């Protein structure tokens, strides 16, 4: 035998081992299954080979990503810490042949004998396993495999989850399962039993398998299984007492050195007889075996011991590796995708169990979890039980488990729980395979929908049965894959599963018994099939469930079980533990169709009834303040208010004005006022004084309650109650319900609409109206106990009735925000999350501000109404929640029709936003002609009229208006009713649904949910300023715009007057002065034409200078991990001057943003608040977004900062403490940003900075070239800033792929396919329309062209070049180095012919590649550039060769600016590359390990990659004159070929050739270049000899320069010490070899390093490449960050960086520097 070292091949994050030594021998000796490397390839090795791996060193360390991933697999490892216990004490085991201490038994060779531990174990409850032990010390690490192996393969998905758990808790036994087989009824010898066990080991590979982690990595996903050959020493214990049995069965597995099944034979001597009886135990770890495996083993064990044949037939079936491959294919299939969608649906809207009981104070249980047997169900009984429901009894039992576990948990309104259900998940053909295939998956028990529908238990069984049935179809989808998907869509805290259910089929016969895994769940229900029935056992977490709680749970199970047999159709709401949890149900309230009883009910009494029934339910809460109020407290305090009001001698119908801050007190007073028989009128505290006074007059209020002792309006004759001074008196009032007779037609409240006239319209709502509305909502608004409703509406707005009355009458909780005025955007999302809001009502305008990226897991229902709803908005939210599209005038009590759009993620049906549903119960919607009351036929358009008990009394004090809108009618059944004409136009379709089509005649609108009459607003404008001769108010977007005549009007003065007397929403945001307004034929203002005029003027009014949205340097500095001190840019100004400059700069910036939103023609007072200047909450969110984008300040300022600091001055004060002073003064204020498409088409932007005079003489600048624009796409980076982060963080940006089943090429002998490649994410954002292309046309164009077009356009935009596209007098050249176009002939090209297609092709198609337009020409055409165009290919030096030509073209005056690019994208995209096997062709360029290590002793080649980049360069003098931002200055350039004299071959670099090019570049850069050189960015391909030859070339060049004295003059009159080290680096270890684009990648890296003053190190440098002989040179590979000192202006010193050559036969070198006095204008973020 001999050992062979193995090489590792990484396949989708999993490891497979391959022997490095490959014999040229027949395939039976070394067989590779699946040579094309399927995703989970099993590699079978030579049976004669050994296996050796280096010994592990150090402890097991989890990477940060591994820890995060492990923490997310909550279903397996997330709860281990909750049930920790002491590790079981173990004694050492011996492997040598020895005599047993007890009984004198001679053990066969290879068996292991355990020493005795005295312990009484009777009976054997330990077979369910102890709880998990604490996390192990850091010293634990699995060992590598030893011995003779036959195969290695990756772990299955399920095994990976269990392996993660094992690595965290290696001494835990919570995934043990044990098979017990009694062999006492037949005479057997021990030798026979041992022979049978060994036979099973030969037959089943899993019994010879160990588990391991790659020793060279800390990535736990790179784990694998090793299958040993038949000589593997199975662990068999032969024992004689229970103490030894305990030790053997409970001993933790060492899965890296023993198989996952441990055999224990307990021998018992019969008294007075020489015969012994035996009991065989198979103690298994769940990673290797499941229940079905134990069933297979029990059958085969009994069959084998009864057989006379020694060698039993192999029934094991396919190899487990085949199962893993099948699983991988399944996950990539459409069936796998469908399964993933189903399982995600089972998690959607679920919450973890939150147990109601307190954990037990003392835990007096053993250090294991016990299986507590609850019931035994005889076979006949359980079959009859299932027949009652025409389904499997297991589905009935699962439904009961769902009910009783929900009873033990806190109610989760609108959410369900998921039960972990175990599935066999064995594909056909694997029935006899001993392995782990069981799959425990979450199945939703839909209790919330069942309660909502008032379902029966039979309905519950059907619903759960459907879920289980569908789950069974998708049982092969792994739990790990589900968790990976769920973590992308859900909050990981929701993936905490606490209840599991399993069904274990019967074993071979009664002599067999299976002890299930204990698991990590709080409750594990085990249904164990036996010969004559099914036993139910429960394993519980003793730290969660004490004896009392378990007893209660068992009683509930038995109760529901008995009820389910006696009465299958009992209502779930009849169960005691589910009473008062049904949503949309009153406590002792009227039926939905009992009109008379509803009219006599009172909403405040319904709330009182809830308080009496469920007093401890939370009625009101605020998560921000951490306060809440129960129903008991709410009822008591509202009754105290009622008694207090009666003491004030209020009469029925008297109006009480409530002038309070939004909060609990508002609700208390509203309910108290109604209980006292009065009606309430809510006054919004933000309203102007005149508005409040007008309402006070109209309402004739008798009493006003306020918490504002300094009221800003006249109270007239109204009695005022100040809240604070009256608090003690109110608290002394009785808490009993106030006895007051309130009639059906008594007023409940008055809400004032429009408010734009001098006499506001007060809608009078009676108690019966309110009762009918709240009752009717039960039909669709399914809120109930524990539902949480957000309080969002103003209390003066009728939507507040939906929020408080519906929520509290149904037992829900109303949630308050600290700042309700700004409940939009991120703040709204924050409040929803912090309060766990389930339901809220808002306008479409507010709903549209919610960030699309916020998950909002608690949110289930959204009601939207108050204004027209965009179809796209409805469609988006319909896919996330249940959407209620509501319609209802205030005059009809909040809402009169509802369209319920149930959640449907997959729907493709467009929503008709005009459909607003059917009438609520007891209401009737009629369509009438104007001025008539007779209803029109269906589908005829007319005025929408509402008839029924929700129609209010009319307008307070406006009898004439009431008579025109409200009509008393008699219904067909003779009952009187009331009709309201809405003024809305619509029709009723054949399904009875109402469609709305705008307004009829008048100019009443809704803006941000507020109803407004534009005519009344116009009258007020005319009244406030007699100089106004004409005015037209129009709605543009969410704002009001006033067109006023004449043009000399002072609009600010008018607006200030309006704000004093009108609500803010009724005051136009913008006033636009015009010379005249359009008139119609009657000489009146034509408001239709005026509307178009207003929209056009607003559009032109908002054209502003472009805002520079570049992030500040502070953000970029933090991103790259460099200290600000290192990057601080020095200035001459003192601190005070800088502060004042910054304030002026910020003031101009913020003012520009205000102007963008509110009108650029306006002058803004810095002290005026945003709302007073015309803003509103929706515009405030836009302002907040613009400020954050403009200043890049992370989480600050928040929306609340902008709200509370509402003036320009205060916002500037806020920003002064946030922004980076030096960086901000490097840019000038502008006003907006152009779109991506515009930047591509025009490539024009305004410059963000100008440069100061340079210390470089003008004549010296003739051959200096400035880099003024940068754009790139490289692996792991779509911007230069992202590239910098990759480099600084030393990240490996190469992608590891799962190889395709069929590669596009054949593997040659001794070749290997490496599934690693540097991919770029560059095509998804390509917009064909931006370049006048169709999508179809773009798909046929070489991706290299598409990507380069993007980067070229972005680079031009970044440069802010003054060049004019298409102007021949201002030419811009294009010089691009590009790889060969392989897309034309690839299978990825839609235009290419499939293999075997013999159809004749046209000449153009046949010669397509020959005729293909060069990339440079294509780009110049699409970007309309008129300078010289060159496209070339010199392999890796292509981009720098193009740069050399561009510099020459600029020098000759051929163009004024040049776009220089490099692009390389290979097709087809195979997801890897082919190279020589390890130890094969030493000249191979590509790395067989898949990792590039430049200048490192581990270097074995490079890794290919795609890439694209573009620079814009100008002559330095032109760049300075144009005020361009300069990234770097090119000082020296040299290009040459090596020739052939001293080259080993075409692809081998020449040291002498390299040295000549380096020397030439440095000499052209001037005498200062060499003296200040600190760093060389090499090509660094990562080939051992290539890197060495490159270093040798540098050494030769520097030796010659030193001898000629080039280094003696530093430019400052002093010599530079030659002992200074020069550091070398390369980017190939980060991004791979990007071929034609690689030169620009290095140049971008060097430019950024100069600007930021730090050079990124080589990634993970180990030992330097010894072939480079660094000790003989002044060069050193850069292993850590290198700080570069900024240039000193006085001394005029500069840093230089040299760019190195490519790996073929020509070389291009550049020397670049910064211009010192331009440095303050450079920002790190500028390269983004």
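Including glycine, each Cβ sits where the backbone N, Cα and C put it.
Counting Cβ atoms from all protein chains shown, residue 1436 (active site, for beta-ketoacyl synthase activity) has 27 others lying within 10 Å of its own Cβ. What Swiss-Prot lists as active site, for beta-ketoacyl synthase activity is 1436 (among others).
Of all Cβ atoms in the shown protein chains, 28 besides its own fall within 10 Å of the Cβ of residue 1579 (active site, for beta-ketoacyl synthase activity). Summarising the annotation, Swiss-Prot assigns active site, for beta-ketoacyl synthase activity to 1579 (among others).
Residue 1633 (active site, for beta-ketoacyl synthase activity) carries a strand DSSP state (E or B). What Swiss-Prot lists as active site, for beta-ketoacyl synthase activity is 1633 (among others).
Annotation comment: Swiss-Prot describes 1226-1237 (among others) as compositional bias 'Low complexity'.
The annotation compositional bias 'Low complexity' is assigned in Swiss-Prot to 1244-1255 (among others).
According to Swiss-Prot, the feature domain 'Carrier' maps to 1141-1219.
Residues or ranges marked as domain 'Ketosynthase family 3 (KS3)' by Swiss-Prot: 1262-1714.
What Swiss-Prot lists as O-(pantetheine 4'-phosphoryl)serine is 1177, and the listing cites sequence analysis. According to DSSP, residue 1177 (O-(pantetheine 4'-phosphoryl)serine) is assigned to a helical segment.
Under the heading region 'Condensation (C) domain', Swiss-Prot lists 153-499, citing sequence analysis as support.
The annotation region 'Adenylation (A) domain' is assigned in Swiss-Prot to 608-1002 on the grounds of sequence analysis.
Look at Swiss-Prot and you will find 1225-1256 tagged as region 'Disordered'.
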Given the active-site residues 1436, 1579, 1633, find the one whose Cα is closest in space to the Cα of residue 1177 (O-(pantetheine 4'-phosphoryl)serine).
1633
Using DSSP and three states only, what is residue 1436 (active site, for beta-ketoacyl synthase activity)?
helix
How many Å separate the Cα atoms of residue 1579 (active site, for beta-ketoacyl synthase activity) and residue 1436 (active site, for beta-ketoacyl synthase activity)?
9
Counting other Cβ atoms within 10 Å, pick out the least crowded of the recorded positions 1177, 1633.
1177
The domain 'Carrier' (1141-1219) [mean pLDDT, rounded to integer]:
79
Which of the three DSSP states, helix, strand or coil, fits residue 1579 (active site, for beta-ketoacyl synthase activity)?
coil
Determine, to the nearest whole angstrom, how far the Cα atom of residue 1436 (active site, for beta-ketoacyl synthase activity) is from the Cα atom of residue 1633 (active site, for beta-ketoacyl synthase activity).
8
